[in-house]
Structures are given as structure tokens and as C-alpha cells.
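> If you scroll down you'll find the structure; I have some questions about it.
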């Protein structure tokens, strides 16, 4: 692994951690959960970056594996941080939202709706709408399923506060 590639992975993780910190702060979690959100985002996003560029995995599969990793790490750290895993796992996923694909879908859709287009341009725009829209859908689907599987499978390992009934 070249030093440039390693620095690219670390930079990708750092940028994801900064974004996740911003998303986590919005939901007003405990301060200890904000650092965990940043760490999980850095690990998940850097791992996805590594898979995309080293293993040549498609973006949907890499996103699923990264989201699954975030979910597993979230469940494992929930008891240590004394917060539900969802508190820091969900903000960690937000940097992986496919904004570019969604933007390109809407842009092509707006261009398609304009008048005075020739048939070749209309066909190209339909292909762009479908390609980018389906890619965005599958990335979001991968995020949801990838993080949900560990949280549902290992719910007992996750932090839950037991409320004792008063007698």
C-alpha cells in the first residue's frame, strides 16, 4: 500500500468523522456519544473507500459492508458508552448518503422536462435518470439493511436501560 493511498484513506476517514460530528451534534446526544459517532464514521467510510479502491467492489456492496461494520461496532460499544447503539450509529452513516447520485438524478430529470429536446438527448437523459436513481436507491438500501442487521440480531448486547417497577 503506497503512502499516498494510505493518506487518502486517512483523509477520507477524517472528513467522514467531521461530517458525522456535525450530524451527531444536531440530535443533542451525550458528549461521549459524539466521539463514538466520529470514530465509527471514520472507520466505516475509510473501510468503504479502501474496498472501492483496493478490492474493486461496487459502491452498493462496499456501502453494505461498511454499514454492517458500523452496526457491529455500534452494538459492541453501546454498553461501554452507556447509550443505545442507534444514537451514534445513525449519524455515522450519514456521510455515506449518496448525495452526488441523487443530485445527478434530479439534474437529469429537470433537463428531461425542458422542452425542445431531440430524441438522442431525451434517451441519454432517461438513461442518466435511471442509472443514477437506481444507484442512489441501492446505496441507501444498503445503508439501511447493513446497519439494521447487527442491531436487530444483537439487540441484547446493545445498551438498554432497565426500568424497575415500583411496588
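For all residues, glycine too, the Cβ spot is worked out from N, Cα and C.
Not measured: the values here are computed from a predicted model.
From TrEMBL, here are the annotated features:
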DOMAIN    13-152  domain 'Threonine/Serine exporter ThrE'
TRANSMEM  6-26  transmembrane segment
TRANSMEM  33-53  transmembrane segment
TRANSMEM  59-81  transmembrane segment
TRANSMEM  93-113  transmembrane segment
TRANSMEM  133-154  transmembrane segment
> Near the transmembrane segment (59-81), which residues from the same chain, at least 6 beyond its ends, have a CB less than 8 A from one of its CBs?
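For the transmembrane segment (59-81), the sequence-distant neighbours (Cβ-Cβ under 8 Å, at least 6 residues beyond its ends) are 30, 32-33, 36, 40-41, 43-45, 47-48, 51-52, 88-89, 92-93, 96, 98, 135, 138-139, 141-151, 154, 157-159.
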> Looking only at the domain 'Threonine/Serine exporter ThrE' (13-152), how are its residues distributed among DSSP helix, strand and coil?
123 helix, 0 strand, 17 coil
